[in-house]
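*Asks:* So TrEMBL has the following annotated:
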| type | residues | note |
| --- | --- | --- |
| DOMAIN | B:155-384 | domain 'ABC transmembrane type-2' |
| TRANSMEM | B:194-214 | transmembrane segment |
| TRANSMEM | B:248-267 | transmembrane segment |
| TRANSMEM | B:273-295 | transmembrane segment |
| TRANSMEM | B:307-326 | transmembrane segment |
| TRANSMEM | B:359-381 | transmembrane segment |
Amino acid sequence: MAFIEVNDVGKRYGDKLSVDHLNLRIEEGEIFGLLGPNGAGKSTTINMIVGLLKLDQGEILVDGISVKDRPLEVKKKIGLVPQDLALYEMMSAADNITFFGKLYGLRGRELKERVTEALRFVGLEDRAKEAPRTFSGGMKRRLNIACAIMHHPKLIIMDEPTVGIDPQSRNHILESVRELNRMGSTIIYTSHYMEEVSAICDRVAIMDQGHVIACGTQEELRDLVAGEEKIVMTAMGIGEAVLAELKLHPRINSLHQHDNVLELYTASSQSDLQDILYICAQHDVVIHSVVCERPTLETLFLNLTGRTLRD
Amino acid sequence: MKMWHIIWFELRMLIRMRVVLLNQFLLPMVLILILGNALSGMISLGDDAPIDTVTAMIVESPGQEALTSVGWNEFLKTPEISELLKVQHGDHREEAISSLKSGDSDFAVVIPTDFADKVMKGESVKWEMIYGKDHSKNHVAEMIFESYLDEVNRVQASTMVLGPNTLNSAPQNVPTSYVEMASLNKEGNAYSAFQYYAASMLIMFLLYSGLTASSSLQSEKRNKTLYRLNSTPISTLKIFLGKIGGNSLVACIQAVVIILGTTWLYGVNWGRHPIYLILLCALVIMAAMLMAVVITLLSKSSESAQTIFQVIIVGMTFLSGGFQRIPVDIIEKLGEFTINHWALQGMIRIILDASTGEILHHVLILGLFNVILLLVGTVSYRKVGYHE
């Protein structure tokens, strides 16, 4: 049995179907990524796993416990890092963590130790007595995480935890996620930043319009778009003749031109690049740069939906 | 236990807010001071108002003195009357009017020329009374002369029925039996402006604690902390009750601060029924919190909830006479439908050491208000719930 089982779950808001016949299996100890554009159903899925939203259909089990039947039991096992900062700005960083710790049943010395540990983990131990209203955006994000992890949850759900922060804080958070995973927590990480999901997740589910359109390890997902390597060429003198000849090439699947930039999708950039450069030379195209890109999750999403993740 | 953590956290958070300290603790104390001082003249403290001596000019026709002097002089010489009335004698009506205009006299009485004849015939008699400029002095003089005349007429009536022998004996009974100095205020206690406004402002600001509760409930949604709270292993109802509990606790502290503060700083006497005072405060706090529940849950936005709350509190305080008693029938009737009315009247009765039954009557009606609000609050919560 998987640590989290989402079985045929559906959720509707009025006439709008937010999640439709969703099925997921997340194993214990995984960093599982939920990737999709805004409105794909990621947050709805998370809210249903945490028990914040009632399911219209289906069932969710966390560590074998039904969310529907025993929501408070499930909540004890979960630490939720919300997308929006959920902090009491008037109270100190330590007060914020202590308050949530008490709600998870921590008391006395254990509580104090966990608060110190959580503050140290997110690098805020020297700001413990300061109120979050004096913090930078990145520090608030880290405190947001500290409030969710101090009770050592078996499952940590991070809903777009890096929105609107500087690269340094982002790296700190991503490293924290890996560390939490090493410490034994299963992590569900949602984002519409493909790079973040690629960097930390063992397995990824790509969602769109309430459905999981692809799910697997990153390698498995890339295999889905094998033969979709991208060559980006910057050149002068790209005319109709050269475009027509390139289109006739049997292994070039598609090409797009924007001013001096030419994007070509081929089965294999290594074997086809020489042909492409030869055709360009034949038509006196002056090439400034050539970049070969392996397929990414972005490519996969584009391939499956015809849209980019940030659309 | 977890609910208690929410109550305690809420209490700590509210006490750290400068706006809460100013609005719920300092502002009522300042308002009580201002209203208690500024409007002290509107509310009697229970002291008797002094009555000034009235200088009255009596105009008698020649030859009548003998008759009017029967009992009249004795009447004027009684200590109570001589203290109130100083008599001047005039010869004609114009002199009396001139004296009134110049201010030499405060009141004038013209005894008609046929006064003696009428008395002799046993007919009813009347004097012409001419008022001066001072309303209260007119009133005093009029009462004195009317009382004497009433007695004369009583004797005339006796004469007509019982015969002329009664005439000589009757007026001798007049002087002391018809004037008695008394104080209405001795019949019961009165309250001061400070007591009145301490009670009225206490009630108004306890109701305002409901506004703070409403704002706090809304801010959990606005700041997204409710989302996180709901993800913790505690039921939404306990979160909701914890928030209300925290605000109620602040309101309780507020009540204690206002009652003790007004007692020590302004010398307000809150009466000898502290248990009933606590009970009334508890009922007002409960009503404030239930109003917060209903208004918060049924309002579309935080701003509309705040506006509705403000209008209701100020409206109820106005109708109940919390700012100033308005002796207009319709307003007094409408006031009876407000929480403030029953709480204020209950507290005033506590201050005046009224009977237990009288105080309990107000407590019970306030309890009834709470029962109705509790029902509406429960239905609202079940229907709307407390979530982001």
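Glycine residues also receive a Cβ, built from the backbone N, Cα and C atoms like all the rest.
Mind mapping these onto the model and telling me what they sit next to?
*Replies:* Using a Cβ-Cβ cut-off under 8 Å and counting only residues 6 or more beyond its ends in the same chain, the transmembrane segment (B:248-267) has close neighbours at 7, 10-11, 14-15, 20, 24-25, 28-29, 32-33, 36, 194, 198, 201-202, 205-206, 209, 212-213, 277, 281-282, 285-286, 288-289.
Sequence-distant contacts of the transmembrane segment (B:307-326) (same chain, at least 6 residues past either end, Cβ-Cβ under 8 Å): 35, 39, 42, 200-201, 203-204, 207-208, 210-211, 214, 291-292, 295, 299, 332, 334-335, 337-341, 344.
Beyond the transmembrane segment (B:359-381), the same-chain residues lying 6 or more positions past its ends with a Cβ under 8 Å from any Cβ of the stretch are 237, 240, 273, 276, 279-280, 283-284, 286-287, 290-291, 293-294, 297-298, 339, 342-343, 345-346, 349-350.
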*Asks:* Please report, as numbers and ranges, the same-chain residues at least 6 past the borders of the transmembrane segment (B:273-295) whose CB is under 8 Å from any CB of it.
*Replies:* 202-203, 206-211, 213-214, 217, 244, 247-248, 251-252, 255, 259, 305, 308-309, 312, 339, 343, 346-347, 350, 353, 356, 359-360, 362-363, 366-367, 369-370, 373-374, 376-377, 380-381
